[in-house]
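To start, the structure under review is shown below, and the notes come after it.
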Amino acid sequence: MNASAAALNESQVVAVAAEGAAAAATAAGTPDTSEWGPPAASAALGGGGGPNGSLELSSQLPAGPSGLLLSAVNPWDVLLCVSGTVIAGENALVVALIASTPALRTPMFVLVGSLATADLLAGCGLILHFVFQYVVPSETVSLLMVGFLVASFAASVSSLLAITVDRYLSLYNALTYYSRRTLLGVHLLLAATWTVSLGLGLLPVLGWNCLADRASCSVVRPLTRSHVALLSTSFFVVFGIMLHLYVRICQVVWRHAHQIALQQHCLAPPHLAATRKGVGTLAVVLGTFGASWLPFAIYCVVGSQEDPAIYTYATLLPATYNSMINPIIYAFRNQEIQRALWLLFCGCFQSKVPFRSRSPSEV
């Protein structure tokens, strides 16, 4: 009986050992589903096991009932997609209003339309980037989407610069500027800015990327550090020019107010209030632009691909807000566009005030 008990204990030990070995083998052969991204997608997008997930990572959950892998969406990507949706909706409305209203086809509104078109493309790019990132994860698609976004945002910033130059010239040469400014000249200016923006967007597609040299990647893959340095430097130059022009605009406004004061022997309260309001508006315009883009531009210069991806998201998301605010600052505050909105949505709104082309400083 002791022999049979010993044999039984020995068989139980062998069975337990066999079960343990099988469990270990199963664990070794089963991938860890808590890691970022499927292996193939991570390798294709450059989002491997490094600490920085760039903007191209998604986590993988266990298989569902149908056997398909469920992709966990990054909340930051959702925020960018939502931002892109709002941007696209706002700017599509502005583009439609300018295109469908003959009175809004003056040179000033052509510049505003260019800004709205660039922001519309940027919003669509954010939406497509989200869709393709989780549906078609590939190097080619990633490269095309990044180039598209670079070109769109570059065109947006360039259009802002063109509007600033137009505002400055309209105030500095108020007597002769409107007679010299033509629609053809504005179109040529915008053609030049869009050509430069398109060139910046094509650079990564034409080979200036870090797909072949991971060590040269920036905080936004597949852009190289030298490429984002060029983009950031270009932004700093544009921001510096805009700052200089807006300071000059404020000087012109205050000089005009001082001349009125000399003529009237005092600065009338309406003129003082209008001057302060104009300067405050310029401060809001420039402050919004700087607060939106400066953090991302600075981080692109000082950041590194080893930094956590959250730093890139946290600075890029506010930059997209600039394209969300632009329609409010440059379009919806304008009386002609407000009237066009009434005509579009109501159809019965009648105004006895005829359309007039306002100066860019009033936009």
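Note that the numbers count up from 1, one per residue, in the order the chain is shown.
Including glycine, each Cβ sits where the backbone N, Cα and C put it.
Database features, via Swiss-Prot:
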type	residues	note
CARBOHYD	Asn2	N-linked glycosylation site
CARBOHYD	Asn9	N-linked glycosylation site
CARBOHYD	Asn52	N-linked glycosylation site
LIPID	Cys346	S-palmitoyl cysteine
REGION	28-51	region 'Disordered'
TOPO_DOM	1-75	topological domain 'Extracellular'
TOPO_DOM	96-107	topological domain 'Cytoplasmic'
TOPO_DOM	132-143	topological domain 'Extracellular'
TOPO_DOM	166-186	topological domain 'Cytoplasmic'
TOPO_DOM	207-231	topological domain 'Extracellular'
TOPO_DOM	251-278	topological domain 'Cytoplasmic'
TOPO_DOM	306-310	topological domain 'Extracellular'
TOPO_DOM	333-363	topological domain 'Cytoplasmic'
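Residue counts for the topological domain 'Cytoplasmic' (96-107) under DSSP (helix as H, G, I; strand as E, B; rest coil) come to 9 helix, 0 strand, 3 coil.
On the 0 to 100 pLDDT scale, the topological domain 'Cytoplasmic' (96-107) averages 88 in this prediction. Taken through DSSP, the topological domain 'Extracellular' (207-231) splits into 10 helix, 2 strand, 13 coil. When DSSP labels each residue, the topological domain 'Extracellular' (132-143) comes out as 9 helix, 0 strand, 3 coil, counted as helix, strand and coil in that order.
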